[in-house]
Amino acid sequence: MARGLQGVMLRSFGARDHTATVIETISIAPHFVRVRMVSPTLFQDAEAEPAAWLRFWFPDPNGSNTEFQRAYTISEADPAAGRFAVDVVLHDPAGPASSWARTVKPGATIAVMSLMGSSRFDVPEEQPAGYLLIGDSASIPGMNGIIETVPNDVPIEMYLEQHDDNDTLIPLAKHPRLRVRWVMRRDEKSLAEAIENRDWSDWYAWATPEAAALKCVRVRLRDEFGFPKSEIHAQAYWNAGRAMGTHRATEPAATEPEVGAAPQPESAVPAPARGSWRAQAASRLLAPLKLPLVLSGVLAALVTLAQLAPFVLLVELSRLLVSGAGAHRLFTVGFAAVGLLGTGALLAAALTLWLHVIDARFARALRLRLLSKLSRLPLGWFTSRGSGSIKKLVTDDTLALHYLVTHAVPDAVAAVVAPVGVLVYLFVVDWRVALVLFGPVLVYLTITSSLTIQSGPRIVQAQRWAEKMNGEAGSYLEGQPVIRVFGAASSSFRRRLDEYIGFLVAWQRPLAGKKTLMDLATRPATFLWLIAATGTLLVATHRMDPVNLLPFMFLGTTFGARLLGIAYGLGGLRTGLLAARHLQVTLDETELAVREHPREPLDGEAPATVVFDHVTFGYRPGVPVIQDVSLTLRPGTVTALVGPSGSGKSTLATLLARFHDVERGAIRVGGQDIRSLAADELYTRVGFVLQEAQLVHGTAAENIALAVPDAPAEQVQVAAREAQIHDRVLRLPDGYDTVLGANSGLSGGERQRLTIARAILGDTPVLILDEATAFADPESEYLVQQALNRLTRDRTVLVIAHRLHTITRADQIVVLDHGRIVERGTHEELLAAGGRYCRLWDTGQGSRVAVAAAQDGTR
C-alpha cells in the first residue's frame, strides 16, 4: 500500500505499524460490531487505559491502492496475550472501516499503531463530585471504559445523542450511580440543550460527540455552567457529512462519520462560573496577590532588560575597540555598562526584597488561617488522610507557595524576556545569522514533541512500576530475617527489580539517540559552530562586516541555555499553583459548626445515656453508609456492634465521637445533641480508643495523661493498673519516663492497653472502643478484656469487634448490614433467633469461644 506524507511524519515521531490478526467478530447490536484481534507487538507501544484508542489503516473498499486511517477505542484488552478488541459502528452508506468490519473474516490482518494523540482517561487522585459524560454511539466504547473505572460511590450523568433507532440497543457498562439520557438529534444544539440546568460544581465533563454538537456543548458548559478548562475533556470523534482521518495515497477519502484518526481537541475557556470548582482554588487563594504578582512580572521584565543592557554595551565597546574609536568614546560606553550593571543588580535585589516582604505577610496570614482551619475540621478529615499528606500540605505546599510568590513569576518572566530580547538585538545586528539560530531551536522542539508522544504510554507504566517497587522494597526490608535464612533467591524483589530495569532499558534505549541530539542542539558549542560557519561565509563573500560577529559570539552562544530556562521557570510556576490549589481546597473544607443555642437536655435522660435518633450518614452525597439507625446506649452497659466488613460499624462509632456530622437525625449524649457541644466539651463526655493505637512522641506517663496533662503520677499509675499495662510499663528501660513514639517497642495489644489507660484517666462517661483486640495476641487479648470489664463500671461503652467471642457478655449486641440494624439482643437471644448473627457465629466467627470461656473462669 502507498505510504504518503502522513506515514513519513508518523514514522519521524517514532510511530511503527503493528500487524493485528482478526480472531472473531461479534454482532453486539444491529449496527454495532466488536472485532477481536491479536498482535504480539502492539502492547509494547500501546497502553490499555480507559478510553485509549488505536489508529488503523483500512483498505479502500473500491479496491484502490489507498489506505484510510481511522481511530477506534480499545473495548477489551489482554496485554499479556496481545489480545484486544474494538467496537465499530456500521454506517450506511459504508466507508472504509464499516465496509471492512462488515466483511472481515478470522485470519485477516490489518496495520495498527498506537502513537499520535490517543487520549485516555486517567483516574484522578482527588475524585470530582461526579462525571458528566456527553457523546453518541461512537463514544460508547470509551465511555464504557470510564464507567468501569469510576468508584461506585461517584455519580455519573450520561447524555447520548441518538442518530439511529438502534443506538439505544448498544450495551452500556453498569454502575450503581449511572443515569443515562438519550437525546434525539434535531440539530447540532439538541445535545447541549438537553443538559440539565443545575449546579455542576466540582464535576468533570468528558465530551466526545460529533464536532458540531461538541461546539454547542462546549459553549454551554463554559458560559452557563462555568466549567473551567481543566475540568473539561472536549474532543470531536467525528464530523457529520465529512470523513474523518487521513489516507496514505492521493485518492480522496470516502465520506463516513466514524471516529477520526486525529480527533479534534476542543478547548474550554474559563469564564465567570455559577458553580465553583476545586480547579479554580489556586486563583481564589492568590487573589490578594494578583496585583503584586502582575507588577512583579512587569518589573522583572524591566530588570531583565536592564541586566542585558551591560552585555550589549560590552559588545558595542568591543566593536569600538576594533574600529579604533577614541578614548573618550570608550570610557563613556564602559562607564555606562558598569553603571547599568550596578543598577540592574540593585533593582533585582530590591524586587526580591519587596517580594519577600509580601510573601512573609501573606505566609503569616495563610499559616494562621490554615492552623485555625485544621483546628475546626472534623477528626474524620485527619483519619481519612495519612500523616504524610498532611505534612506535605502544612510544610511542603507552603514552601512551594513561597517560591511561587517570591521567585516563580520573576524567573519565568526573565526566562522568556531574556532570549526574546537577545534575539531582537541580534536580528537588528544581522538578521541572516540570527535566523540560523532558530535551527537548533526547531530541532529541540521537534525532538521534545517526538519524545513526549513516544513516551506517552510508558509514563503511566512507569508510575505503576514506581508504586509497585516502593511496596516491594518495603516488603523486602521487612522480610530480611526470612530472606536471609532461606536465601535471597526466595525473594521476589530481585526478580521484580530485574523486570523494572528491563522495562526502563526497553523504554529509554530507543530514545537515547534523540536525547543525545536534543542535548547537542542546546549546547553553546552548537550555536558557536553555526555562528562561525555562517559568519565566515558572509564575511568571505563581503556581505557582512566582521565586527558584527562579536554580538553573536557574546550573546548567541547562550541562546540554548536561555531557552532551557523557560521550562524550569514555568515548571516552578506550575508547582506553586498546584500547592496553592491544595491549600485553598483545605481552607474550603466544611467545618464542624456548633449550634449557637444549645438545646436543653431532655428530661429523663441520664448524663451518660447515648441516643442515636434516626441517624443517616454518607461520605458522599446520595451514598448513605448509615441508614435510619435508632439505638439507645444505657449507662453501665456494653453495646457491641457487629456485622460483615463494610456494614458501617466503625462509621457509626465515629459519628458518636463527631468525626463527621450526620446528614439526617441526631445523636444525643445526656439529652443534648452533640452538634450543640463544643469539641472540648464533647470530649470530656466521650472518649475513644481507635483501631490503630496512637502514641505521641513523649514519655509513657505523658502518653497516658494526654487528656489530663496535670494528672499526678499516682492517678496515671492507677489508670495503667486498671488497663492491665502497669507491669509492662515498669519493665521499660526508664519505666514511666521512657520516651515512646512510632517505634515504641510495644506490641499491638500493649499499645491498645496504653490508650485504654489514657481513656480511663480521662474518666469520660461514654467510651468508644473500635476493634479493641484487633492487634492483640491471645494473652494481650485476655488482658484487654479484663480492662474492658473494669471500664463498664458506671460508663456507657460502645465496642466494635469482628471476633464475636470477645463480646458474648455484652449487654446489647447490634448487628449491622449495609448501614442498617438487622438484629439486636444478647448473645443467647441472637443465637436462638437463628438470624444473621447466628450465621456469623456458625461460619467461624466464634471459633475461639472455648478459649474465651476458659479465660472467663479465671476472672
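For all residues, glycine too, the Cβ spot is worked out from N, Cα and C.
Feature list (source: Swiss-Prot):
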- Gly643, Pro644, Ser645, Gly646, Ser647, Gly648, Lys649, Ser650: ATP binding site (BINDING)
- 15-122: domain 'FAD-binding FR-type' (DOMAIN)
- 293-575: domain 'ABC transmembrane type-1' (DOMAIN)
- 610-843: domain 'ABC transporter' (DOMAIN)
- 247-267: region 'Disordered' (REGION)
- 1-292: topological domain 'Cytoplasmic' (TOPO_DOM)
- 314-334: topological domain 'Periplasmic' (TOPO_DOM)
- 356-408: topological domain 'Cytoplasmic' (TOPO_DOM)
- 454-519: topological domain 'Cytoplasmic' (TOPO_DOM)
- 541-548: topological domain 'Periplasmic' (TOPO_DOM)
- 570-859: topological domain 'Cytoplasmic' (TOPO_DOM)
- 293-313: transmembrane segment (TRANSMEM)
- 335-355: transmembrane segment (TRANSMEM)
- 409-429: transmembrane segment (TRANSMEM)
- 433-453: transmembrane segment (TRANSMEM)
- 520-540: transmembrane segment (TRANSMEM)
- 549-569: transmembrane segment (TRANSMEM)
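A map of Swiss-Prot features onto the structure.
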residue : record           : Cβ within 10 Å
Gly643  : ATP binding site : 24
Pro644  : ATP binding site : 14
Ser645  : ATP binding site : 6
Gly646  : ATP binding site : 13
Ser647  : ATP binding site : 21
Gly648  : ATP binding site : 22
Lys649  : ATP binding site : 26
Ser650  : ATP binding site : 19
Checklist outcome for this item: Three-class DSSP assignment, Gly646 (ATP binding site), comes back as coil
Next on the checklist: Can you work out which residues elsewhere in the same chain, 6+ from the ends of the topological domain 'Periplasmic' (541-548), have a Cβ less than 8 Å from its Cβ atoms?
Outcome noted: 319, 322-323, 429-430, 432-433, 535
Checklist outcome for this item: Beyond a gap of at least 6 residues from its ends, the CB atoms lying under 8 Å from the topological domain 'Periplasmic' (314-334) belong to 547-548, 550-551, 554-555
Checklist entry - Quick one: DSSP breakdown of the topological domain 'Periplasmic' (314-334) into helix, strand and coil? => result 18 helix, 0 strand, 3 coil
Next on the checklist: I'm checking region-level scores; what's the whole-number mean pLDDT for the domain 'ABC transporter' (610-843)?
Outcome noted: 84
Checklist outcome for this item: Across the topological domain 'Cytoplasmic' (356-408), DSSP labelling yields 48 helix, 0 strand, 5 coil
Checklist entry - Per DSSP, what is the residue tally for the domain 'FAD-binding FR-type' (15-122) in helix, strand and coil? => result 11 helix, 50 strand, 47 coil
Checklist outcome for this item: Checked against DSSP, the composition of the topological domain 'Periplasmic' (541-548) is 3 helix, 0 strand, 5 coil
